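Read the structure below first, then the notes.
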Amino acid sequence: MSPKMGIQGDLGGLFIVYTSTPPFHSSLHLTHAYIHNSSMASQTHTLPPLPYAYDALEPVISKQIMELHHQKHHQTYINNLNAAISAQASAASSNNAPTLIALQQKLRFNGGGHINHSLFWNNLTPPGTPGNNIDSAPTLRKAIASRWGTQDTFVEAFNAELLNLQGSGWGWLVSKGGAKGQLDIVTTKDQDPVNGPNVPVFGVDMWEHAYYLQYLNNKADYVEGIRRIIHWAEAEKRYASGLESLLKL
Ligand SMILES: [Fe+2]
């Protein structure tokens, strides 16, 4: 399976392409439209519900942060994405190339914000739930051991990479080249998504809005807390089978 995801270049069409055939396995489904090209904008993107209650990730992430992060921040990316898509359709219908070009960054930033946050909510789970146990990720655990030796060594490397990120961005465990690939730790700036064919196994939002109200400048404690609420069962699905259509058509 070789999924490709990202933000298309020429006319700013948001695209996710999967080059293999079903079956796919993933719990991630976005509620939105798939824009095949700039002339086909139809539906709008909507905020996907959280897979748990706003206070379910406490004490690691407070209810207040989750409410603001989901209802305000993620919603704003979606609103701006919808506006950019609408403007893109209008510009495309009038062959307005300068406007189409000017919309690229808005599409990339807000489309990436929608993708990244949708992945993030689903790769977290309340502490102590079954999917929170790494035993629910046997294939991934073996791959981590093969790459880093021990789980502790991996956590140390992952956390260090997150804490080295300058400015706003995301930290990811990725499977290179598609499902069941070599694992790697990468960061992306701002709201850039992980580009295909690499598969984002799980990601951590390192924007201040994700932690500052609770952790202030103590980023290390936030990162350590996230480690305790990883949804390993979801990570296993992404690693073993790739992502189903990330932007559900
Ligand atoms: Fe965020």
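Placed from the backbone N, Cα and C atoms, the Cβ positions cover glycine too.
A TrEMBL annotation is a machine prediction, not a hand-curated record.
Some features that TrEMBL has for this protein:
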type	residues	note
DOMAIN	44-124	domain 'Manganese/iron superoxide dismutase N-terminal'
BINDING	H69, H117, D205, H209	Mn(2+) binding site
DOMAIN	139-238	domain 'Manganese/iron superoxide dismutase C-terminal'
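Neighbours of the Mn(2+) site: apart from H69, H117, D205, H209, residues of the same chain with C-beta atoms within 8 angstroms of the site's C-beta centroid are H70, H73, H74, F120, W207, A210. Counting other CB atoms no more than 10 Å from each candidate's CB, the binding-site residues H69, H209 peak at H69. Taken through DSSP, the domain 'Manganese/iron superoxide dismutase N-terminal' (44-124) splits into 56 helix, 1 strand, 24 coil. Long-range Cβ proximity for H117 (Mn(2+) binding site), meaning a same-chain Cβ under 8 A and a gap of 6 or more residues, is found for H69, H70, H73, H74, Y77, D205. Helix, strand and coil counts under DSSP for the domain 'Manganese/iron superoxide dismutase C-terminal' (139-238) come to 47 helix, 24 strand, 29 coil.
Mean predicted confidence for the domain 'Manganese/iron superoxide dismutase N-terminal' (44-124): the pLDDT average there is 97. A 10 Å cutoff on Cβ-Cβ distances gives D205 (Mn(2+) binding site) a total of 24 other Cβ atoms nearby, all chains included.
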